[in-house]
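Peer 1: Next up is a structure, given as structure tokens.
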């Protein structure tokens, strides 16, 4: 590397570290707002988050950054860089090009608004108060629409949002894979219904002591290899994973007193996200590629640990005894043969995060269709409860009795995360495709799970996916790991095989 | 106010708010490091704290700030301002003059070092590992010495540090009031010893369930009027109060399983700090005067609630029954007549934060003398354990068996807080003097405590002290409230009266 390039590289990475420091502070403030910050401090806190996010934003779009990029991202210079360095430059360039179009003041208003709305959402959800939430959501949508104008709409306006979370994805492609998946899952759901079999799930809904749930959740996280010296577990209304820095990857869980499975599976879900983040190569730390490749790939890892491993027969052959020990009263008469179908019972339900693996995808399709309507057809926010309820009634045969169990259930929109939901279903598809390869390359996969030996699985995933962080694009990862492009048939096959066995069809 | 002044004022307060936002983020990161941040994230976190503190520091010392100050703090302009506005300008000027002398890079190194050392201190203390701590402390002292050179030494080098925490204080004055106090307290301690009375304190040292301690602590905080909607209570190795913003004033407690009083009195102590911060006039928020007047005045309020109220006979006549209900087994045979002398037993001990009200001041004098030796006589850090142990042996007749119970016991030095310790004894003196006036103006003072009715006391303190924040200097407050300057005799009289009654001398 030439002397001048080395100097520019040094200054460039110092600026990246600085931006990263702002992001760490903002993430901690966001974590804190969701895990117990007092109400009366929220207004000032939101302003503080807005201000510091804006400072980071200004650095990201500064003329200094522009100058480093135009020097480093130049044909004659970029070849002096290592592959990792090149990827850092290209990713930074992409973020720069996107951010530089948004005026800093607009960005600040947006972050203050969403930080505030996210906190208020808890109460609105609690009270089913959509009318209270509506003015906030209306503003968030309006500001997001403005951002789309700044960025310039892609094929459709909603494509611009999708692209933020899954860079290689289009509405056209999502319509196609969601359609393909639906065509195989709907007949499966119908067949299951036709059996009239309903696994007994009543025992899952007894009173389960919260502290015991917490202990068991932590036990499972230890088993799968979550590093407690590089993270911590807290409680929040909506479970989430958040990375403050590479040595501080936090997760939260929400405990339901009358449902033992909710916290178990959300711990495994967020634990999956955290395993990804904790195992990104340290050399990528404090750069824009020191994070997951995309929301879809991230969700593939949470889904993989939650569902493909956590809801498997082998997993509970190993851990059901431990669960019984935590709840001897509640589970004394229940065998693993009753427990396994119960946690995999297919039933149309109102709440996305408690849905089974099969119908879950319908919850996503509903949100995807509504988001498309908002941004591509101008659906007003005031009509969301009506449209939401109609779609639940038509796709799942259920009408939410109130907005707490309906349109207010998810935190995402209050945080401005439009275009994010499809990642969940995409994550399921990626996960199925990855597990298909994993099984071939690690033939003892099921055996390892049955032994509770997750080290080989975690290592395989680290070597194939985790360590790369965002230095590969999602389409590159899926091709490199599985040898083919995203293919929804793997998910369909996995679900067909699994549910045929459970329901004997 | 002239148009131009109004414009300058607007820009000036916007800059103050911005600095305040950085401070909020840094405070949250510090709070988080002490309440459970994972180890592997500490290194990066310290860098982040260093970076953001430095950004705040740069804003504070910016040419922009210099320009606003030279406009606003000018004879022809300052008269256009309200009294509060004038105080904001003067306080900002004082901070500016002090900070502008320190190069930003030096400041950053210092904050990174202390953030890191503060976190490591927990382990060093735990393991009594002074050798491990020594290199950090040596660096902190060296950097503090450099800062003194930048600021310019006052009467003595140590005066410069004292001045940071108590602007009107000098070594000469501290030597005098500490001397005056010691001359009255030493004979009192001797008389107490001569009685050979030792209140039974064994029952305080039984096994006390942590969760019950936590519940009782929260109950007491509710009673004294700590606003839980504007704060939260957590656990940390060393209890502290920290203000993130006016609606977010947090405290921590440390629970000892074998000592029921430690958490009770530290809750009242930190609660006292928090009452002060929660009741500063909202119009001072996000300015440099939206905080306590000085460390000494702050400590007077924690001491007032912890000792003058919390260790009074009346307080326990009201609340001992509640304590018994929390620990029916441990306290079933103990009456309030046994409990009251037990929590006020005078006994020389090794640990400052567990010392009685009387000998506590000796712990402070030891630290004060050692700090003077470090900065005025160049005592090397390596000799601290020796000097510490000698002083404890000579003043308190006890030699620490290890450095955990000796020189490593306090967090302050790891955070660079040299010059802070005298505030504690000063706080005791201020508190006694304030309570003397309070009793005259609110003759039912003892009656209110006995009823558990703290509202009139809190209101009196709010109107006389809390609401002013830092808009008055400590010497102004003490004069305004009590009609005279700091006078250590009030503390001596209070202690003599109290202990004569308890020990029958």
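Backbone N, Cα and C atoms are what each Cβ position is placed from, and that goes for glycine too.
It should be emphasised that the depicted structure is a prediction, and the values quoted were computed from it without experimental measurement.
Annotated active site, proton donor/acceptor per TrEMBL: B:270, in sequence order. The annotation Zn(2+) binding site is assigned in TrEMBL to B:269, B:273, B:299.
Show me how these features fit into the structure around them.
Peer 2: Residue B:270 (active site, proton donor/acceptor): 26 other CB atoms within 10 A of its CB, across all protein chains.
Under 8 Å, Cβ to Cβ, and six or more positions away along its own chain, residue B:299 (Zn(2+) binding site) finds B:423, B:424, B:426, B:427, B:428, B:430, B:431.
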Peer 1: Given the recorded Zn(2+) site (B:269, B:273, B:299), which additional residues of the same chain have their Cβ within 8 Å of the Cβ centre, ordered by sequence?
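Peer 2: In sequence order, the nearby non-listed residues are B:241, B:270, B:272, B:298, B:301, B:302, B:303, B:305, B:306, B:427.
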Peer 1: Determine the Cβ neighbour count for residue B:273 (Zn(2+) binding site): the number of other Cβ atoms within 10 Å of its Cβ.
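Peer 2: A 10 Å sphere around the Cβ of residue B:273 (Zn(2+) binding site) contains 24 other Cβ atoms.
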Peer 1: Provide the three-state secondary structure of residue B:273 (Zn(2+) binding site) computed with DSSP.
Peer 2: helix
